[in-house]
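Working notes, beginning with the structure itself.
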Amino acid sequence: MSREDLSIAEDLNQVSKPLLKVKLLEVLGQGDFKHLKALVDNEFQPKDDPSVQQVLNLILHYAVQVAPILLIKEIVAHWVDQVGDEKSSSKSDDGIHLDLNYQDENGNTPLHLAAAQSRSDVISFLLSQKSINDCVKNKAHQQPLDMCKDLNVAQMIQLKRDDYFLETVHSLRAAMNKRDFSKLDSIWKNPRNLNLLDINGIDPETGTTLLYEYSQKKDIEMCQWLLKHGAEATVKDGKGRSPLDLVKNIKLPAKPSNNVTPEIKLKNLLEKNLREQAIVHEDVASSKPPTYKGFLKKWTNFAHGYKLRWFILSGDGNLSYYKDQSHVDRPRGTLKVSTCRLHIDSSEKLNFELLGGITGTTRWRLKGNHPIETTRWVNAIQSAIRFAKDKEILNKKKAVPPSLALKNKSPALISHSKTQGSLPEASQYYQHTLHKEVIQPSSVSLYRRPSNNLSVVSSEIQLNDNLTESGKRFVSKMIENRLDGSKTPVGVHTGSALQRVRSSNTLKSNRSMQSGSGVASPIDKVPNGANLSQSNTTTGSTASLSDNNYIDNFEGDEANSDDEEEDLGINFDRDEEYIKAQYGPYKEKLDMYEQAISIELSSLIELIEQEEPSPEVWLTIKKSLINTSTIFGKLKDLTYKRDKRLVDMVSKQGDVNNVWVQSVKELEMELSNKTERLASIDKERRGLKKILHKKLLESHATAGNKESLENDKEQESDTTASTLGQIAKFISATKEEDEASDADEFYDAAELVDEVTELTEAHPEISTAAAPKHAPPPVPNETDNDSQYVQDEKSKIESNVEKTSQKFEKQNNLVTEDEPKTDQSLKNFKAEDKESQVKEKTKEIASSVIGEKTIVAVTTVQKRKEEYLLKEGSYLGYEDGIRKRLSMDKDDRPKISLWAVLKSMVGKDMTRMTLPVTFNEPTSLLQRVAEDLEYSELLDQAATFEDSTLRTLYVAAFTASSYASTTKRVAKPFNPLLGETFEYSRPDKQYRFFTEQVSHHPPISATWTESPRWDFWGESFVDTKFNGRSFNVKHLGLWHIKLRPNDNEKEELYTWKKPNNTVIGILIGNPQVDNHGEVNVVNHTTGDHCKLYFKARGWRSSGAYEITGEVYNKKKQKVWILGGHWNEAIFAKKVVKDGDLSLEKTRTAASAGNGPTDDGTKFLIWKANDRPEEPFNLTPFAITLNAPQPHLLPWLPPTDTRLRPDQRAMEDGRYDEAGDEKFRVEEKQRAARRKREENNLEYHPQWFVRDTHPITKAKYWRYTGKYWVKRRDHDLKDCGDIF
């Protein structure tokens, strides 16, 4: 026979691998082991053929993807060898021996593929096999757990691995106690155990390593076994002791002797190990930062509870979390561990908290799936915190901290670190890899086996200042408490001193890898974006806010932020049906059918491409296509059933939600109706009391003429007596309610304001009475008709303002098409004359607006400040006066249900909400800050008083007065863009205001206001949440006032934090603003302080808007008390005796216009301005803020809020354009942020810097002093392009 004939014969006899795969898939889909065995016996011949062997080895790989669980169990029972099964080698009589951990071309084991398809029944069965190894990594460096898409399955794998670990540790300790070395060897030979156990771990019960324990017992044989299997003599225990310390004082004999003591043997053994380790690991010292990854449950909100999330602690010190492993390119949140501290409750075995962020307000409530897992995470995070702190020390002082010294190769550094008391954490004993980066024992880092994997160095694991006190107590007791609730038998923890330190590389790119075996590995389906490296784990998504620099470097904006993750992920406390709805019913079967079709078709293509079709091949192809068609039919039917079930579940859930919403709405309506009814009753009661009071006064007035009028008034007296009797009866009936009301402790503001008005009308001389003897002539208040200010001066001011306003009334205070030219005289100033001419020009503008000056600088510091404001041209451009009205007459925004939009945003931060533009008002949050200055006259008046406690009283009234403008203002202001600014000067009130948005996430506005008598600055920094029924706003920023009193040259510093705000009544469509909480206004110069109490809205309307307070001197004595309503008026009186500690019910003469009194009578401090009906419910003051006055526009920088297009369109009623512009400017902001991230640039504010206040020692935003100078010089054109 020729060679050509032999070649043809060989080709005919060669086994077709694609044909075998197609036939195998057909049989696996039938689920009958007898058919599978017949196929293998008849078709898979000869057994030694390479193609046959390849397909045989992959039987289990195909089975876990397309076969039912019963067939998989039979395959394992008949063909898979088990560890420790003596019959396993002989149970297969056909010579087939499958490896449960065999890896295909992509490195996937059957467990990998089952995990990728989330086949929980298959995974549970495989993990129950003795020979399984769930720590094997594929070529993408993923363990089976890393490939799970179903979070339920991932949690199951975690729990099973933890249970196996505890069981193995218990067995290992039992074998050690029995000195069963054969059992120890068998345990240690298991590859899975090598990945999970660390022989150098610390026993939590004894606090020592195994080698130290048996060295102390002088058990030479056991020490030899431990050293042979990787124990190291240099590893220190929980008290900083190593086995070498036990033998360091033993002296070796000068000459060898046959009579060697156990101590000498032990010393020789340990020193030999030390020499070997020094040689083997000479270059293995590790100084890599701690890394870790895995699943944890994170608390989101009350609506969704805990959700399982994928966490990664990266080497750059960032802890980030993701929805799952496939979304590692989109972190939902990031914390810099160097700014964090751990809080752990020793009574909790699974929960711990991470408190962090520069403000200390970030709070992550985390929960492990198992006590051991929680322990590992606690140690990993604590290790990372210590590493970051030590790195900072190293960078600043160029010194090696103790925790980093252990990583140095020099043995001298080991002893040094010991003297420094750098002790490892006892609880690191439980560290074993769980698909994660895992912690290394601290002392082992010097002599660790070489590894290409990223490892966690835990020399930092020790009690440190980053743990709270309860956390430190917990770490000390962690071991004894941690396993109490586990199902492991008692005594297991006594031997769990073994953990192999292993680590897995961070996730790499999971690009498609075509398997030559034809196994359609689900790893091919992982998105290409899942690429995470050590260097760029969280680049571009880190919210890193250092003390000295707030930066805009956060992934989320209000249009794409989802870190509160509502409606995402799984809450494992819910019922099974709801969990299935998240993934979809019949998911496992659908995945199996899809995978079967995919593999079948790929195998057919491979068969057609590689074979010349023969009759047998065509028959196989036909059967395969029929089988594929059958599977597709099942897939179609099951998909229809799934969709129908999902629709039913969604409809049912929608009905449940509607019932819930309707129930809550009805409850809100009922509460609202009761509140209105109580309010009407209360008003009626007050009216009757007023009638009674009036009748009594009339009866006293006519008492002198009683005799002469007795006959004429007899009938009227009877009527009066009858009326008074009825009134008295009504008042008696409501007496209990009246006495129970806290509101009656103080004057009702509305009632007393009416009384003051009546007094003023009846006695005009009150308004022109002399000022109190302890105060100089006060500053005019243009808004208070009942004040004590001089009437003719006030008339003069109003007259001048009115003239100036009428000058531009024809323009309706809007921008004209012909923009006025900038005053050329200012542009042509000579350098030497510029400041003086600017000063004169500023005086001229102020004079044109207010006429004769009404606020006179008295002291040197006041005059110096006034000169400073004039020199910098603070009022240039404000010649036009203030705007009195908007361009539109009424608010004609489209009506949209607020609840319909907000119901999907429960639990979210308000600043991250994306709402339709119609829910906005045409103001910015920067302008909302400016509204605090509406009643700045209170500060001017405070500076006139000699008494420091009285100054404190008026400053406190100023802090409360700003909330009068919040009533009816429930629309959302525009969120400022990063770098956006706003200026506002009032020549008539002699102050200038400036603010800048210095941070976007979190949103922070820094502000600075200056006036001759006072300065006002602070930061608008709030934490906001929507809980379904109300918006909650918590103010975090500290506010400051520097007052310059008229009576001395010493300035006074006041600070306070604003009360909390709540918007209620959202469900019933009647939103209202409520302010509540305690405010402490502190005078740091004199030691005086005022406590203000904003009362939360209760059942009765008389309790709404209520405010009370007390002023104390530096001796802690109460000097003044105040009360009223923050939306109407505030009154006060002086405490003249010990028992006079509140504003009592008894009416006394109220001073309407004379200001403070010292005799204990009540006087009016402040009264709110009138609120006429205006579009968007804006106040008259708010209307002035966004006015594009013609003379002002040329002076403004391009970042000023008045030039913002979306807000301007909103003000003019162009709502569609406003929405489009809002989207455009926010996209522009995001593009700028991405550009900064690409270039590794940090954002720095232009006009403010983060600093520490010399008096309060608190961080604050300090104004650099450059804005008004550049404005005066027309040097603001290049300050930024943000609109």
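Including glycine, each Cβ sits where the backbone N, Cα and C put it.
Checked against Swiss-Prot, the residues S455, S672, S1005, S1142 yield a single entry marked phosphoserine: S455.
Among the candidates S182, S445, S503, the residue that Swiss-Prot annotates as phosphoserine is S445.
Feature annotation from Swiss-Prot across S120, S128, S459 places phosphoserine at S459.
Secondary structure of the repeat 'ANK 1' (106-134), assigned with DSSP and counted as helix (H, G, I), strand (E, B) and coil, comes to 15 helix, 0 strand, 14 coil. Note on the repeat 'ANK 2' (206-235): mean pLDDT across this stretch is 85.
Secondary structure by DSSP for the repeat 'ANK 2' (206-235): 16 helix, 1 strand, 13 coil.
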